[in-house]
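**Student:** Have a look at this one.
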């Protein structure tokens, strides 16, 4: 650059510049030279003031919003320094006013100019300086002069020489601020050619000058005490900032209300508004709460009450690695530093080793968590399916190291199978087992005299009280007991007692009261050991029941179905849904293209030939697209418009993925469409081959059961595999919510299911009837068999199966409904006779003693006596049979002393008087009622009874309070009997209940004797409405406006009040009402005058 150009650049401060379109703003600037002059020379330079107007439309709205605020702050700084008398600034560097540099290169393509808003120590009112017009101050509102916007908080000598964050104008919480809230992110440093660039680097001479002046002697009294802590410029984490600049905040208590991202100290950015847009720091609202002013700067992780436990999870469902060489290669890692997670090999399910706990869920992982809890806090414990591997995650690495050293080589899960402990890492995701032989005391052999047999570490957790069980339906959920985990390694001698507590809930004799913590609303536990025997053990019984049906069926098909069911090779794992399609690295049909294709197909823009061409083009991505949100709709259209040949090609590509597709919320629609559109034998065969091996998990799935019902429509023999799978895994399916309903749907499809298939399934229901009747889902099939099935003699065939466990079933609340359904069936008296004879004995046998089953049932305190009472209340019982049952029940109740019979049963058999028991109960309730509401009325009398206050309810039911007419006896005095017409002294101390007898009025507060009335408390106002009383004792008869007097007539009452006949009148509102209470009516009476 030549000399002339340099001269022009040096004189640029005298030239008006473009500031903001359409706004006149005073700009205070000072020109600096870049030749290294001293501070004294800088302070002696005059300050120029310029005010210019320009209009241009090339600046953005953001720039327009910034400039007025900056100008206002600069102008306010000038006014603050001038004062009212226009005094000059002090030129000393120790001034109480701080300086803030704002280097602002101007918008010029060929030059850049350094501007400063204000410099301390430079006078403003020198000759030749420009003075802004007075009306400029009216453009913006300036705050109080005590608010020094550009003066930072005081700094100490030990503070670092880093300029604080500039706090610029807060953005309004408007719609535009919410839409563009991301604009608060600091921009990258611009070059000097930018209009509004960031501040200069610290190496700039101007910044060096400013850093020397940032040592004020006084502090700002208006410093904001916002509790939001400053974020370091080197890291986005808050805790790191505390160590670097903690002294600065502690000594000076600076206002660092800045949410700018790191490395934005020199940026001229705005504050983020409080909007719904994504925040830079997710913890910003946490620090903005005023109530958290004294919160610690360190983040704390809340402690879990119990660890995360899960048994037999899919190893592919989590992302994990370990140094154990026995795991699959994809989960192996050669070198891994100590982590907070360990892997334990040779971990076998405890449910297989403990038959009495086979219905417990998450048992192994719970026991594993209790075992490892003594080494530290356990976050999660998981066992992996088919790997005999467990992953235990601790809260710290030290706990994991301690557990690894202690458990290495120990027999954790099974004796003779030492476990290998290795470090692991859980990465985030974008033969018949041996049974215990019980002795006479009910304890396992070897536990006598506290001589414990060798047990693996996991099984010890079951016996030392660290794990308790809660029954949820037919499964037991182990509960992590944190109180016992502290002393579990000290009390090894308590194993026998703990084992007896575990077995207590599974003993048949104590099954009903072994779990006292369960509420009445929870599902009842099955009284039989679960799971039931396999169908292989019930084959003979199954064939016997089929013969009892005596139905015309093909015996060959029945035998073939049973034989194939016994040799069924399909999976019984309800979580195995077959292979998944391989994920595609790059998809040709992305969502935008799929959306366009669907629009074109829906608008009939493609012909069938073009759709078939599209199907061939999408063939490689077809399995993946079938489970896509948009792709499954395209696949459905392809199967609707393609020919059989194209459908064969597509089914060949997708058939092996039908199971995994059918259980997906999107893929199930494409899967059902494929099955529905399959018509040719080749297509049907491909569909059945795809779902045959995974029928059981499909039936038990909420989406997959609809897939099975679609396959059912293929008919015999294509749907034969469905019945084979149901018979082979009968209990696994029928106890499931979806499985039981899917089986019922198969039985109700009369036009599709063959008689042989229906007969075999019906025989399976009878075979497992005692188990099904105790399960809420299985009971649906028993109900179908009794109510819907058309097989002859089905009740008589089912009754013998129920009588073998009659006591347990009748004492079970749910199972007893099945028994009552058989007893109330009118079309089969033989079934009713079988059940009643098993409970109460044969009615024709003379002097027969009650069966043992009846004694056991009446001793069952849960539901047994209630069931017997319901049997006696059946309307179908003949008189002689009812008398026989009552006789047997009376004999058992009188002979046994251990039975606690219910009141209703005692009344039913005549051992208790219904009236006496009823009256006694009523009196108890009445006494309790009187004592509970006595404080609500006036001062009670000696009897403790009170009158009913006059209200709508008391007028309509005045005699509803069941109190006697006898006075209450106190201090041994006898009670006098009162008749309705007997005169009563008003001064009598006796009290009487409020009854609406004809001719008797409650009188209170009168002098003298009151005839034809009875005493009442002063809180009753009924006398105010019945009569008028004069001071001379005369009582004037008034027509009573009651609900029963329409004509306002009076009736003469002589001596016998009871001779009045009840009658019905109409009131003035024409309501036909007769209010009778205890054979009395409201009557209109005439009271004779005392004169």
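Any Cβ shown, glycine's included, is placed from N, Cα and C.
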**Student:** Can you dig out which of the ranges 31-51, 52-72 Swiss-Prot describes as region 'Disordered'?
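**Tutor:** Per Swiss-Prot, the stretch marked region 'Disordered' is 31-51.
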**Student:** Here are some residues: 168, 585, 953, 1037. Which is flagged as phosphoserine in Swiss-Prot?
**Tutor:** 168
**Student:** So which of 77, 96, 160, 484 shows up as phosphoserine in Swiss-Prot?
**Tutor:** 160
**Student:** Out of 448-471, 544-567, 568-591, 592-615, let me know the one Swiss-Prot marks region 'Disordered'.
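**Tutor:** Here Swiss-Prot associates region 'Disordered' with the stretch 568-591.
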**Student:** Give residue numbers and ranges for long-range contacts of the region 'Disordered' (568-591): same chain, 6 or more residues beyond its ends, CB-CB under 8 A.
**Tutor:** 312, 314, 385, 597, 618, 620-621, 623-625, 627, 630-631, 634, 656-660, 663, 692-698, 700-701, 704, 721, 724-725, 727-729, 732, 736
**Student:** Who are the chain neighbours of the repeat 'Pumilio 3' (690-724) in space, where the CB to CB distance is under 8 Å and they lie at least 6 residues beyond its ends?
**Tutor:** 561, 564-565, 568-578, 654-659, 662-665, 668, 671-672, 675-676, 678, 684, 732-733, 736, 738-739, 741-743, 745-746, 749, 752-754, 757, 760-761
**Student:** When the pLDDT values for the repeat 'Pumilio 5' (801-837) are averaged, what is the result?
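**Tutor:** Summarising the repeat 'Pumilio 5' (801-837) by its mean pLDDT gives 88.
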